Amino acid sequence: MFFTQPSLADYRNLIGRPKRGVRVVGKPVSDQLRQIRQRCERLEQLSEPEFSNAAAAMRSRVRNECEATRVPNVVESFALTAEALRRTTGMVYYDCQLVGGLALAGGTIAEIQTGEGKTITTALPAALFGWTGWGIHLATTNEYLSRRDYETLRPVYERLGLSVGLLRSQASSDEKAIAYACDLTFGPGYEFGFDFLRDQRLKRSRHNQRLGDSVRRTLRGDSPYEAAPMQRALFMTIIDEADSILIDEANTPLVLSGAKMSTATASAIFEFADQTALGLSEGVDFEIDSIGRAINLTDKGIGVISETWVQRPAGMAARPFADLVVNALKARHLVRRDQDYVVREGRVLIVDGNTGRIHDERKWSNGLHQAIEVKEGLSVSDENEAQARITRQRFIQLYQRVAGLTGTAAGSEGELREFYNLPVVRISPHRPCLRKSLRTRFFDGFESKANAIVSDIRQRSDLGQPILIGTRIIDESQRLSVQLKKHSIPHVVLNGLQDEDEADIVAQAGRSGSVTIATNMAGRGTDIQPDAASIEAGGLHVIATEINHNQRVDRQLAGRAARQGDPGSCQFFCAADDELIATRSPSLSAQMRRDAGPTGECDRDFSNLVAKLQRQSESDARRLREQMVARDRWSESIRESLS
Ligand SMILES: Nc1ncnc2c1ncn2[C@@H]1O[C@H](COP(=O)(O)OP(=O)(O)OP(=O)(O)O)[C@@H](O)[C@H]1O
């Protein structure tokens with residue numbers, strides 16, 4: 001049994017009905033805050049056993065109230081959570097965090113500035129709905145952050161009598177089922193979606209089971225018991241870094257691959273396709289749309305491929321050959337090593353463009369992965385069959401309740417409302433942000449940009465400022481590392497290829513004078529804490545080595561500096577050969593080269609022109625998502641009409 005919708009409306013009344021990006025103010029909220037603070041004062045007086053009893057009483061009250069479909073007691077729940085947090089960590093919620101908690105309880109996206117403390121804010125709605133025992137999914141962008149948040153908040157939840165589970169990578173389905181059986185389950189957003197698909201696959205295979213299958217299983221020596229679904233009904237998800245999960249990641253659907261294809265394609269055909277692709281010329285046989293990341297064959301190209309296919313070696317599998325050649329062309333011209341993938345121990349491993357993380361369990365489909373293996377001279381792996389698929393938009397809509405947090409919802413309000421029916425509520429920071437944003441510097445190419453970055457780093461680290469250099473791709477992090485080594489500047493690299501532990505690198509990155517080069521891995525969610533000497537020297541300084549395709553990504557990177565009222569600064573370095581500029585506006589790229597002085601730096605400020613390219617890129621990405629959702633709705637309506 002679930003909450004009925006009126007309870008959601010009740011919360012909205014508490015916070016004032018959110019409209020587009022409203023600032024939450026008003027008497028209902030201040031009344032709530034006053035009551036929570038008053039209750040906190042009384043809870044502080046309780047001994048530990050008395051506090052546990054109060055938490056247990058809350059749990060049974062919520063259970064009873066839920067059965068009666070009434071709204072649980074927000075004031076009591078928030079006060080208990082605040083007191084558990086204080087007893088466990090010594091932290092006391094700021095008013096803005098309590099307001100953020102109310103907004104989340106009302107089913108909104110709370111926009112809370114970077115570094116304001118979203119992690120502990122999630123505990124307020126999570127406990128409130130967690131008392132029901134129906135299972136809250138706490139999703140974030142990656143495993144590092146979900147583990148960190150789990151470790152930070154588990155003692156708080158346990159003090160409240162709530163059970164907590166973590167979805168660990170490589171966990172078995174039994175282990176995951178245990179995590180899902182908890183009141184609260186932490187994990188990366190995509191993992192919840194993949195597990196949903198895995199459960200659907202299981203249900204489908206059960207449905208298709210024939211009489212006597214379990215007897216046959218026993219005779220084969222397999223377990224006579226069927227695997228059980230991991231997840232319970234999808235009740236509520238609270239999504240941290242909501243714009244990343246709900247917008248950026250939503251550009252690609254979740255696709256679950258299963259067993260090897262029943263008719264394995266011999267590697268010879270991929271090699272033949274690669275050879276054919278090498279014989280084709282750009283502009284004659286094919287065109288490259290590097291913005292849409294597509295290859296379009298010309299009529300001439302199609303003719304060449306057909307003729308080549310006729311001359312294929314005997315015994316080659318029949319399969320749409322032109323598709324394989326297009327894949328080979330993509331592998332050669334569009335998919336880049338140390339950007340889109342890395343090669344490790346003879347395998348092609350995909351790099352997630354949004355998070356900078358390497359996913360060794362993922363594979364490109366329809367033969368693209370194999371085409372890249374051929375390009376890299378590796379042995380060709382088996383293709384897997386796509387067994388289940390869902391867009392992220394549809395998956396999230398399956399939850400009864402959704403709430404989210406991010407520092408960067410601005411500009412995405414329309415999309416969040418249209419696809420997810422989620423209003424954005426803007427929460428004021430508890431202290432003014434002291435970040436100094438220095439003017440963007442423009443260069444004629446990577447070399448001059450790297451030289452300027454190196455001399456800037458040297459000056460700042462000599463003064464004791466810690467520096468985080470944010471690169472867009474692995475390749476650039478490596479090239480910059482080479483430059484720093486040349487100039488004997490000690491530094492560490494965080495790009496997924498490093499041997500050091502990510503948590504250790506982040507823990508050291510705020511030390512006075514330290515220099516850290518990182519890909520998007522550190523661009524979101526990471527909490528770099530400058531030490532006292534660093535704060536004295538001006539706080540963390542962020543250098544962004546490229547303007548990203550998406551402004552939110554830039555704002556997140558800048559948001560690593562000047563958190564919690566600390567000083568800090570950031571500066572963007574932009575070059576004519578940066579991907580955004582080179583692919584979207586060759587004319588701007590040429591203009592920047594022309595304008596550059598003897599050091600390669602431009603006098604002119606191109607910020608407005610670059611911002612325009614960024615907006616174009618964002619709206620192209622949005623259009624792709626809209627098309628994907630429209631296709632999804634269309635195929636769903638066909639499926640329904642056939643069933
Ligand atoms: N009420 C509080 N009292 C003291 N410290 C706090 C409080 N809330 C948050 N912090 C501290 O502020 C820092 C930033 O918190 P957190 O990483 O949750 O921020 P965030 O809003 O999630 O940032 P981002 O948007 O970058 O992910 C952490 O070190 C956290 O311990």
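Placed from the backbone N, Cα and C atoms, the Cβ positions cover glycine too.
Annotated in TrEMBL:
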- Gln97, Gly115, Glu116, Gly117, Lys118, Thr119, Asp527: ATP binding site (BINDING)
- 11-604: domain 'SecA family profile' (DOMAIN)
- 99-279: domain 'Helicase ATP-binding' (DOMAIN)
- 449-610: domain 'Helicase C-terminal' (DOMAIN)
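Residues Gln97, Gly115, Glu116, Gly117, Lys118, Thr119, Asp527 make up the record's ATP site, and a Cβ search at 8 Å around their centroid adds Ile112, Thr114, Ile120, Thr121, Arg563, Gln564 from the same chain. Annotation: Glu116 carries the greatest number of neighbouring Cβ atoms among the binding-site residues Glu116, Asp527 [cut-off 10 Å, Cβ to Cβ]. In this structure, of the binding-site residues Gln97, Thr119, the smallest number of CB atoms within 10 A of the CB marks Thr119. Taking Cβ-Cβ distances under 8 Å and a sequence gap of 6 or more within the same chain, the neighbours of Gly117 (ATP binding site) are Tyr94, Gln97, Gln564. Largest CA to CA distance in the ATP binding set (Gln97, Gly115, Glu116, Gly117, Lys118, Thr119, Asp527): 17 Å, whole number.
Annotation for Gly115 (ATP binding site): spatial neighbours Gly407, Asp527, Gly559, Arg560, Ala562, Arg563, Gln564, criterion Cβ-Cβ under 8 Å with sequence separation of six or more.
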